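Participant: Handing you a structure now.
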Amino acid sequence: MAVTALVLLVLSSSLSHTDDATGYGPIFEEEPLDIVYTKESPDRLISMNCRARANPAPTYRWRRDNWEIKLMELPNEHYSLVGGNLIINNPEEKKHAGTYVCVAKNVYGTVISKEAKVKFGYLEEFPDEERDPVTVKEGQGAVLLCAPPKRWPTEVTFRWIYNEFPVFLHPDKRRFVSQSTGNLYISKVEASDAGNYSCYVFNPQIGKGVYSKFIPLISTEEKKRYKADLVVKFPDTTAMLNYNVTLECFALGNPAPHIVWRKIGATDLPASAQVSMSGALLHLYNVQYEDSAGYECEAINQKWQDWHQAWLYVEAAPEWAVTINNTQKDVGSEHTMSCVANGKPGPYIRWLKDGYSYGKGELKFSSLTFEDSGMYQCIAENYWGIIYASAELRVIACAPTFELNPVKKYLLGANNGRVVIECKPRAAPRPRISLWEFDFNVKILNATRNDEGVYTCLAENDRGKANSTGTLTITEATQITVAPEDTQVMVGEEVHLQCQASFDPSLDITFIWSLDFRVIDFYLEWKHYERIMDSGELKIMNVQLRHEGRYTCTAQTVVDNVTASADLKVKGLPAPPGGVRVEEIRDTSVKLVWNRGADHGNPILGYTIQTRDVYALTEVDWRDASTSPTALDGMSVMADVVDLYPWMEYEFRVYATNEFGDGEASIPSMKIKTWDAVPVVAPTNVGGYGGKDGELIITWTPVQPQYFYGKKFGYVVAFKPHDDVDWWYETISDPETRRYVHRDSSFRVKSNDFQVREFQVKVKTFNSKGDGPYSLSTTIYYPRDVPSESPTDVYSRPVSSHEALVWWIPVMDTGTGLQQYIDGYQVKYWRKYDDTEPGANRIFVPASMNQTRLENMLPDSHYLIEVRAYNGAGVGPPSEHCEMFTKRAPPSVAPQMWRYISYSGKWLYVMFRKTGYITGPIYMTGWHFIDFPMPQVGDYELEVRGHVWVDCGRFDRNNSHINFLHLLKDVQSFLNLLLSVCLPSTKQSTVSPYRMTCLAVQSTNVTLL
């Protein structure tokens, strides 16, 4: 065979510099940080760290405000250098405050560090002048000004001292301390607020705190109601991306206003939002760009509503999107250096070379020279910060060499295939190419035996030349001889896909199977996939819907590969629909649209829509939705989902059904919220009672959140004396409230009042869309005093070892309207000798009942029981104590049957119940044996149970083992049963009497011998 030679085209490339090279420029490992220094510092020095990695090791210099600090030339009593760290001894603000950078340098270049600021922290004292007192009427709001002194840093915490140090005021719904101004706000002043207050300012960075002179707060008695008035209003605020921000809002007013926060244009606050300090603070954690919006705080009390809006802007410090890397380039070549940074506002890009300004934007080199080598730094900066990126550019020149990447010595190619022979010498500048013997490209298409031979790559530049040689051999091409065929199977069946190939006998072959371009892992998926040894055949066991797709067989050798594919169709449950989305939103319905999924060989019979709202208990708590039309056939792609709650967040999913059953559900739609509407549900269980000192307490069961139907949900409480025409109204803005207390001195009972006072009450709901319906009117009573009589004839009866019944004669109407004073009865019970009365169990019973069940009692115990009537004014006198004993506990061991005797003298075969029957007769005895009438011929089952007898006829646990009896026709008419009972040794488990139960059931004959 003729030997041919070919010189191949050189593929030049840029080589990245690595740390393993003989040398490299400085790379910072530690850079200086901002420092706040205080004169009270015990060390009296500042240390600024700087460390860089380089080969050879770098030297260090420092600059202050762009002026180099002369550390080597002149001795300095303040500055010293330890390694790369700058030490400042006995720092002085005028000499040493400023902006510092560290400069690291070696033979390959120079880099400068990030800027670090040195500032001197301080916190001045409050003035010595006395503070003027603040006089305010009870119920009015008050503001105590802090007027903090000058300080640095400005970030401090504010607290207020009450009367004496260290008694600090705890903010609550009425009292708020602004961390922006330090002022103390009291929404409504109470008598207990009178005292002396001092503003305490603490600077955590310098560890110092100061406090002001005391401010006297004087309150005068006058209780009026004042409308809500916002006095703390957050301004337009700019926050940094991924940082936290806090917005403040606080209002004065009586009653103390309730603060509600909203994000303008959104239904809810961001997920990261948290409200604290009784609504005064809105915290936004890890702020994102989508949190940028207008925010509103609203203060609400029963007199007025006040609100404030401002905007939150989100900006970001620079962050690298594209940065620079160490690069090695040929002399004379072109090169571009660029870096891209994200940020808001957009960062400004500038460059440094070896520590000096070198331009901005993008750096372009048309023909690199050795002078272009050095350390380059890209700097991106905006209002929020500055970032640095450093890299070395090294311009090189060298003769060609194949040491790192020679041409492969032995090359293989397939007949009629494509052959590529790579040639990548290292050379700078780019080498010239000379071709030997033949002049053609490195790519060989449709290779044949004639292309076999020796191929040589020769590279040459002005620094020298080099070559590398390899030998090419052509083998037989691999071909598929038996290809897999398209197949259709049912779920759960088994299928075989064939694959065979011819190949060069000098090579090894392997078969690789993939499903939809994903290689099958036979080790992990052994339950369903198996590759038949010595062939390319694929066996799929227990086929599932997920196994449907295109299967590709790849026959591969070290030289070439060839593929063949087939489609596997699996018939089974329908695939999930796709693209589920809501197109129209209404208050109680939405229009839902979806795309049909694969039917998997069986027509889809219909679709089912499911919903999940925000109150779903679990992730899988989906419910079938009502739709219009009611039935959705297999051709449906849209439907109206009806009977939804207004102002409710929903997500939807759809699943299809065919003759095999219900398919997998779709991916849930995006969450939506239905439009708001007027509420239609009124509070339930409206009631109440009169209290002390003119209090009227009105109670109700709050409406469930799904019935709010809109924002700003609350209640309107209406009440009036029974004989009055005009109603009184009070608005409750908290939807969780379940009671309202109205205080009016005119309600107080006077000495000439004889009957109780009656009030009509009702409650309705409202939201931002309007008012809902009122509940039914209910009559409640304002008592003259606590009940004066006690229930009589209290009687009790034990039910079991743990329960008892108690009843009494209720307090009767004596002609003085006394019965109207009764709201219910309190029942107390406790063990006479073992418990104390204050720790007694208590049960409250409505006035309409005169009996109840006592639970959780102890067995075989002596109890005292007491009943009292009560109303809103308190509890009446006790009844006479009723004494009772609970029953003993049931036996802990079941009785056992010893033997069975009949009058005929024969052993008998006993069953539990007769075949075909459910019940049977029950017999009772206090002895260890029993006579009972002879049952009919057949199979029976006998069971003995020990128990403590109770009046209600119940008997307790621990059956004997079931024994069986087969009765013959010649047996006597009466049976005698002799029992041996296992009696427990404890007193509480005494067994008397025993019960035998004969029940008829299906059974199997067993003979006892």
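Yeah, the Cβs are placed from backbone N, Cα and C, and that goes for glycine too.
Note: TrEMBL annotation is automatic and uncurated.
From TrEMBL, here are the annotated features:
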DOMAIN    26-119  domain 'Ig-like'
DOMAIN    127-216  domain 'Ig-like'
DOMAIN    228-301  domain 'Ig-like'
DOMAIN    318-394  domain 'Ig-like'
DOMAIN    400-473  domain 'Ig-like'
DOMAIN    478-569  domain 'Ig-like'
DOMAIN    576-677  domain 'Fibronectin type-III'
DOMAIN    682-785  domain 'Fibronectin type-III'
DOMAIN    790-892  domain 'Fibronectin type-III'
SIGNAL    1-18  signal peptide
Participant: At least three Cβ pairs under 8 Å linking the domain 'Fibronectin type-III' (682-785) and the domain 'Ig-like' (228-301), pairs spaced 6 or more in sequence?
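Facilitator: Taking Cβ pairs at least 6 residues apart, the domain 'Ig-like' (228-301) and the domain 'Fibronectin type-III' (682-785) are in contact, with 3 or more under 8 Å.
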Participant: At least three Cβ pairs under 8 Å linking the domain 'Ig-like' (478-569) and the domain 'Ig-like' (318-394), pairs spaced 6 or more in sequence?
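Facilitator: Stretch pair does not touch.
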Participant: Do you know the DSSP helix, strand and coil residue counts for the domain 'Ig-like' (127-216)?
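Facilitator: Each residue of the domain 'Ig-like' (127-216) counted once, the result is 3 helix, 37 strand, 50 coil.
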Participant: How does the model score the domain 'Fibronectin type-III' (682-785) in terms of mean pLDDT?
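Facilitator: Averaging the confidence scores along the domain 'Fibronectin type-III' (682-785) gives 84.
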